[in-house]
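Worksheet for the structure shown next.
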Amino acid sequence: MYPAHLLVLLAVCVSLLGAASIPARPLNLYQFGNMIQCANHGRRPTRHYMDYGCYCGKGGSGTPVDELDRCCQTHDDCYGEAEKLPACNYMMSGPYYNTYSYECNDGELTCKDNNDECKAFICNCDRTAAICFARTPYNDANWNIDTKTRC
């Protein structure tokens, strides 16, 4: 093998190793956002739920600040249970990456029967949370709070 070929091969291997350390983008969260919009009939933008209280958004800890934050805590717990399912326990199959089939008809959410066990579980996690968000009051004072002091 020529030295130039070895350099190209080495460059490809290093690139692949670097790409392996880049986390995949959560695909399912887009669907979850659409479910939220369906359930609340578009009354509140999805981004308002991304940094609310102690549990809505990335991570979560402490005591939920209100009922809406409890919806997010329950959703986080549901995703945790999904990750324990054998059907969801393979690469890129967990709750953040697995997409599912559902329908939205005039605010009514239905997870379709063609979902496998993992997708059905995740769909129901998202459906339950979206319905909870729609029926629970939103307190602007709990958006973008200091989680280090309040949670």
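Just so it is clear, glycine is given a Cβ too, placed from its N, Cα and C backbone atoms.
Predicted, not measured: the structure shown is a model, and the values here were computed from it.
Positions annotated as signal peptide by Swiss-Prot: 1-27.
Taken from Swiss-Prot, the feature disulfide bond covers Cys38-Cys104 (among others). Cβ environment of Cys38 (disulfide bond): Cys104, Gly107, Leu109, Ala130 lie under 8 Å away, each six or more residues apart in the same chain. Under the three-state DSSP scheme, Cys38 (disulfide bond) falls in the helix class.
In the three-state DSSP reading, Cys151 (disulfide bond) counts as coil. Around Cys151 (disulfide bond), the C-beta neighbours below 8 angstroms that are at least 6 residues distant in the chain are Gly53, Cys54, Ser61, Gly62, Thr63, Val65, Ile145. The disulfide bond annotation in Swiss-Prot covers Cys54-Cys151 (among others), and the record cites similarity to another entry as its basis.
Residues or ranges marked as Ca(2+) binding site in Swiss-Prot: Tyr55, Gly57, Gly59, Asp76. In the three-state DSSP reading, Gly59 (Ca(2+) binding site) counts as coil. Note on Gly59 (Ca(2+) binding site): other Cβ atoms within 10 Å of its Cβ, all shown chains, come to 9.
What Swiss-Prot lists as disulfide bond is Cys56-Cys72 (among others). Residues within less than 8 Å, Cβ to Cβ, of Cys56 (disulfide bond) and separated from it by at least 6 positions along the same chain comprise Tyr49, Met50, Leu68, Asp69, Cys71, Cys72.
Residues or ranges marked as disulfide bond by Swiss-Prot: Cys71-Cys132 (among others). Just so you know, the Cβ of Cys132 (disulfide bond) picks up 17 other Cβ atoms within 10 Å once every protein chain is counted.
Non-local contacts of His75 (active site) by the CB criterion (under 8 A, 6+ apart in sequence, same chain) comprise Tyr55, Cys125, Asp126, Thr128, Ala129, Cys132. Here Swiss-Prot flags His75 (among others) as active site, drawing on similarity to another entry.
Feature annotation from Swiss-Prot assigns disulfide bond to Cys78-Cys125 (among others); the stated evidence is similarity to another entry. Around Cys78 (disulfide bond), the same-chain residues six or more apart in sequence whose CB sits under 8 Å from its CB are Pro95, Asn124, Cys125, Thr128, Ala129, listed in sequence order.
A simple way to gauge crowding: the CB of Cys118 (disulfide bond) has 21 other CB atoms within 10 angstroms, across all the protein chains here. Among the features that Swiss-Prot reports, disulfide bond is placed at Cys88-Cys118 (among others).
Residues annotated as disulfide bond in Swiss-Prot, with similarity to another entry given as evidence: Cys111-Cys123 (among others). A sphere of 10 angstroms centred on the C-beta of Cys111 (disulfide bond) encloses 20 other C-beta atoms.
Here Swiss-Prot flags Asp126 (among others) as active site. Its own atom aside, the Cβ of Asp126 (active site) has 26 Cβ atoms within 10 angstroms in the protein chains shown. In this structure, Asp126 (active site) is part of a helix by DSSP.
Same-chain neighbours of the Ca(2+) site beyond Tyr55, Gly57, Gly59, Asp76, judged by a C-beta within 8 angstroms of the site's C-beta center, are, in sequence order, Cys54, Cys56, Lys58, Gly60, Ser61, Cys72, Gln73.
Burial estimate for the disulfide-bonded residues (Cys104, Cys125): highest at Cys125, by number of other CB atoms within 10 Å.
In sequence order, Tyr100, Ser101, Tyr102, Cys111, Lys112, Asn115 are the residues near Cys123 (disulfide bond), counting only same-chain partners six or more apart with C-beta under 8 A.
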